[in-house]
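What Swiss-Prot says about this one:
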ACT_SITE  Lys93  active site, schiff-base intermediate with D-ribose 5-phosphate
BINDING   Asp36, Gly165, Gly226, Gly247, Ser248  D-ribose 5-phosphate binding site
BINDING   Arg177  D-glyceraldehyde 3-phosphate binding site
Amino acid sequence: MPDSQTSNSSTNAPVTGTAHVKRGMAEMLKGGVIMDVVTAEQAKIAEDAGAVAVMALERVPSDIRAQGGVSRMSDPDMIDSIMDAVSIPVMAKVRIGHFVEAQILQSLGVDYVDESEVLTPADYANHVDKWAFTVPFVCGATNLGEALRRITEGAAMIRSKGEAGTGDVSNATTHMRGIRTEIRRLQSLPTDELYLAAKDLQAPYELVKEIAETGKLPVVLFTAGGIATPADAAMMMQLGAEGVFVGSGIFKSDNPAHRAAAIVKATTFHDDPETLAKISRGLGEAMVGINAGTLSQSDRLAERGR
């Protein structure tokens, strides 16, 4: 796996895009909440609520589902306005496989790029070569094999996918439990069986061996998709997530500022039921949402880019 990307050819210049640096940048977000925002005003609400970063996009996932059509990278002017409005890191999404959208976002100076299944895929066979960029990438995964393939391509952070835009946390739960269970299975295998496991996972043996030895991914593992309440966020943290992405669940609720702050606090105090009970009071109505079990196969965003 490459470990030395830099935008400066001088051997004495600091390396700005190595795997170590990019993964370290993602580590800085650990334990926090990343919120989808569509305006500078929403970005300020997220920052004031304690978000560690914001995801700039033109439509939250629930609106993408409702309105349909082709979803693409956001307008650079909109991304710039959000970057100007807040002091916390700003992420933005590109379509799966759309390396030119990624080049544009890197040139804008975003802090992280999310190669996202929420947008309409640009390439159904290939993902972006993330080693070719100095900016760190976030990618989604529904299982361990998918996570390892994205890491092999250069992802610096993995988020379990869930079903974005539904407000239904069930798929996020399934994906996080699945990834953690598969990691524990690798730990139980004798070394000579890891070769077959690597073949089954369609991932490099050395990466599989590392996970079997350490019991965790070599990058940060966040969760996403359907998280709408403080209890949802706390449950995902207790299941092994190292942080939380929240999309439609905040700004499609009755009181976005109050709910955003509550979800941030729940992520921090995820193992304290008394605090969770206190911050769950008086939040107003959560987003109405969609039962993920009723989605047709074509409407399941998590199936994209596997």
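For all residues, glycine too, the Cβ spot is worked out from N, Cα and C.
Long-range Cβ neighbours of the residue listed as 'active site, schiff-base intermediate with D-ribose 5-phosphate' (same chain, at least 6 residues apart, Cβ-Cβ under 8 Å): Met55, Leu57, Met73, Ser74, Val113, Asp114, Glu115, Ser116, Val118, Leu119. When the alpha carbons of Arg177 (D-glyceraldehyde 3-phosphate binding site) and Ser248 (D-ribose 5-phosphate binding site) are compared, the span between them is 23 angstrom. Look at Ser248 (D-ribose 5-phosphate binding site): DSSP puts it in a helix. Here the Cβ of Gly226 (D-ribose 5-phosphate binding site) has 29 other Cβ atoms within 10 Å, regardless of which shown protein chain they belong to. Fewest other C-beta atoms within 10 Å: among the binding-site residues Asp36, Arg177, Gly247, that description fits Arg177.
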